[in-house]
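One structure is given below, encoded as C-alpha cells.
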Amino acid sequence: MPNASSWSASSPLLLLWEDSSGTRIFLSLLYAVLAISGTLSNVMVIYLVFSFKKLQTTSNAFIVNGCAADLSVCALWMPQEAVLGLLPPNSSSLRSAEYRLLRGGLLGLGLTVSLASHLLVAFNRYVLITKLPSVYQALYQRRHTGCMIGLSWALALLPVPLLPGLWTLGSAQSDSSSRYTALLLALAVLGQTALLLHCYLGIVRRVRGSAKRVSVLNFHLLHQLPFPAAPPPPRRAQRRLSSVSVLLLCCVFLLGTQPLVWVSLLGFFLRPAPPALQAASWLLLCSLSALNPLLYTWRSEEFRRAARSVLP
C-alpha cells in the first residue's frame with residue numbers, strides 16, 4: 001500500500017489505489033458528470049463566439065482560449081479518469097509510466113493555459129476600465145492579442161521535457177522532484193492569483209468610485225463585464241451589483257485554486273497532507289475547467305441572447 005508521498009509522486013490521478021471500490025466508483029461518476037457538463041459548456045461558448053459577430057471581442061478571444069484549454073481537461077483527461085476508476089487497482093493501465101505521462105501532460109497543459117487565460121481576461125478588463133481608450137486600443141491590437149494567446153501555450157509547453165523525470169517511480173529523487181514541483185506549482189498559482197485579484201479589485205474600486213467613467217466607454221467589451229448590460233440599473237445599484245459580481249467571481253476562483261496551493265506548501269515545509277486531502281484539492285482545481293464558461297458568461301446579456309437563438 002503506497003504512502004502519501006509515493007502516491008503524490010507516482011500518480012497524477014485523483015484516485016487512490018487503496019480506496020474502496022465504492023469510493024472509486026463515486027469518483028468515476030463525479031468525473032463523468034464534470035466531463036460531460038464541462039465539455040458541453042466549453043464547446044457552446046466556443047461555438048457562440050465564432051458564430052456571432054457581436055461576441056467576437058478581445059476579452060472573448062481570451063475566454064475562448066481558456067475554453068480550448070479546459071477542453072483538454074474535460075474532454076480528454078476526465079473521461080480517462082472516469083474509466084480508470086472502474087478498473088482494478090492492480091491494472092496495468094494504472095501502472096504504465098508512459099500512459100501516466102500522457103495523462104499528466106494533458107492535465108498540466110490544460111490547467112496551465114486555463115489559469116493563464118484567467119489572468120489575461122482580468123488584465124484585459126482592468127486596462128479597459130482603468131486606462132484611457134487610446135491605451136487599450138494600442139495594447140490590444142489583433143497582432144498583440146494573438147501573441148498573448150500564443151505565449152500562454154508556449155509557457156505551458158516549456159515544462160514538457162521535465163515530465164519524464166518527474167514521473168520516475170521508486171526512487172528518492174522522484175520524491176524530491178515531486179516536492180519541489182509542488183512548491184513551484186504553489187508559488188506560480190499564488191503569483192497568478194495575486195495579479196488576478198489586483199486587476200479585479202482595481203476594477204471594483206474604479207466602478208464604485210466613478211460609474212460615469214464606465215458608462216461613457218463605448219466598447220462592445222463592456223457587455224463581458226460581470227454586470228447587466230440592459231436595462232441599466234440606478235447608478236448606486238449598478239456599482240453595488242458590479243462589485244458583488246466581481247467579488248463572487250474572485251471567491252469561486254480562490255475556492256478552486258487555494259486549497260491545492262496550501263496543501264502543496266504544507267507538504268513541502270512540514271509534512272505531506274493526507275492523500276484524501278491532496279485528491280480533494282486537485283479535484284477542486286480541475287472542477288474549474290467545467291465552471292469557467294459559466295463564470296464568464298452568466299452575466300452577459302449578449303451571451304444569453306446568442307444561446308437562446310441556437311438552443312431549442
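Glycine too: its Cβ is placed from the backbone N, Cα and C atoms.
Worth saying up front: this structure is predicted, and the values here are computed from it rather than measured.
Quick look at what TrEMBL annotates:
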TRANSMEM  25-50  transmembrane segment
DOMAIN    41-296  domain 'G-protein coupled receptors family 1 profile'
TRANSMEM  62-80  transmembrane segment
TRANSMEM  100-123  transmembrane segment
TRANSMEM  144-162  transmembrane segment
TRANSMEM  182-203  transmembrane segment
TRANSMEM  244-270  transmembrane segment
TRANSMEM  276-298  transmembrane segment
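On the 0 to 100 pLDDT scale, the model's mean across the domain 'G-protein coupled receptors family 1 profile' (41-296) is 77. Of the candidate ranges 25-50, 100-123, 182-203, 276-298, 100-123 contributes the most Cβ pairs within a distance under 8 Å of the transmembrane segment (62-80). With respect to Cβ pairs under 8 Å, the transmembrane segment (244-270) is most closely packed against 276-298, considering the stretches 25-50, 100-123, 276-298.
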